[in-house]
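**Student:** What follows is a structure written as structure tokens; I'll ask about it next.
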Amino acid sequence: MEPVDPRLEPWKHPGSQPKTACTNCYCKKCCFHCQVCFITKALGISYGRKKRRQRRRAHQNSQTHQASLSKQPTSQPRGDPTGPKE
């Protein structure tokens, strides 16, 4: 390995940056383009903010759905119906 000039900043070291820009392509060649491409494309690791998923909006007939819920029979109490034994 060649010695690197200590006066150079780390991002200017030879081989630290690829000669071509990164692309959005996911082919094998582009996945191994540079370390960043390998981590994000090949391994699928990204530390960016996750987009929030929008909730599904209630339909216009939500009132009829609520009405049908009230017509359902009430659930039976669980446990021993006679009460606790001593």
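Every residue, even glycine, has its Cβ placed from backbone N, Cα and C.
Sharing the features that Swiss-Prot gives for it:
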| type | residues | note |
| --- | --- | --- |
| SITE | Trp11 | site 'Essential for Tat translocation through the endosomal membrane' |
| BINDING | Cys25, Cys27, Cys30 | Zn(2+) 2 binding site |
| MOD_RES | Lys28 | N6-acetyllysine |
| COMPBIAS | 48-59 | compositional bias 'Basic residues' |
| REGION | 48-86 | region 'Disordered' |
| MOD_RES | Lys50 | N6-acetyllysine |
| MOD_RES | Lys51 | N6-acetyllysine |
| MOD_RES | Arg52 | asymmetric dimethylarginine |
| MOD_RES | Arg53 | asymmetric dimethylarginine |
**Student:** Identify all same-chain residues not among Cys25, Cys27, Cys30 whose C-beta atom falls within 8 angstroms of the centroid of the Zn(2+) 2 site's C-beta atoms; report them in sequence order.
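**Tutor:** Apart from the listed residues, the neighbours are Thr23, Tyr26, Lys28, Lys29, Cys31, His33, Lys41.
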**Student:** Out of Lys28, Arg53, which of these modified residues shows the lowest number of other CB atoms within 10 Å of its CB?
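**Tutor:** Taking Lys28, Arg53 as the modified residues, the minimal 10 Å Cβ count falls on Arg53.
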**Student:** Any idea what the Cα distance is from Lys51 (N6-acetyllysine) over to Cys27 (Zn(2+) 2 binding site), rounded to a whole Å?
**Tutor:** 25
**Student:** Of all the binding-site residues given, namely Cys25, Cys27, Cys30, which is spatially nearest to Arg53 (asymmetric dimethylarginine) at the Cα level?
**Tutor:** Cys25
**Student:** Per DSSP, to which secondary structure element type does Arg53 (asymmetric dimethylarginine) belong, with helix, strand and coil as the options?
**Tutor:** coil
**Student:** Give me the non-local Cβ neighbours of Trp11 (site 'Essential for Tat translocation through the endosomal membrane'): same chain, 6+ apart in sequence, Cβ-Cβ under 8 Å, ordered along the sequence.
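**Tutor:** In sequence order, Gln17 meet the Cβ cut-off.
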**Student:** Measuring Cα to Cα, how many Å separate Lys28 (N6-acetyllysine) from Arg52 (asymmetric dimethylarginine)?
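**Tutor:** Per the Cα atoms, Lys28 (N6-acetyllysine) and Arg52 (asymmetric dimethylarginine) stand 30 Å apart.
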**Student:** How big is the Cα-to-Cα gap, in Å, between Arg52 (asymmetric dimethylarginine) and Cys30 (Zn(2+) 2 binding site)?
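**Tutor:** Distance between the two Cα atoms comes out at 29 Å.
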**Student:** Taking every protein chain shown into account, which of the binding-site residues Cys25, Cys27, Cys30 has the largest tally of Cβ atoms within 10 Å of its Cβ?
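**Tutor:** Counting Cβ neighbours within 10 Å, the top one is Cys30.
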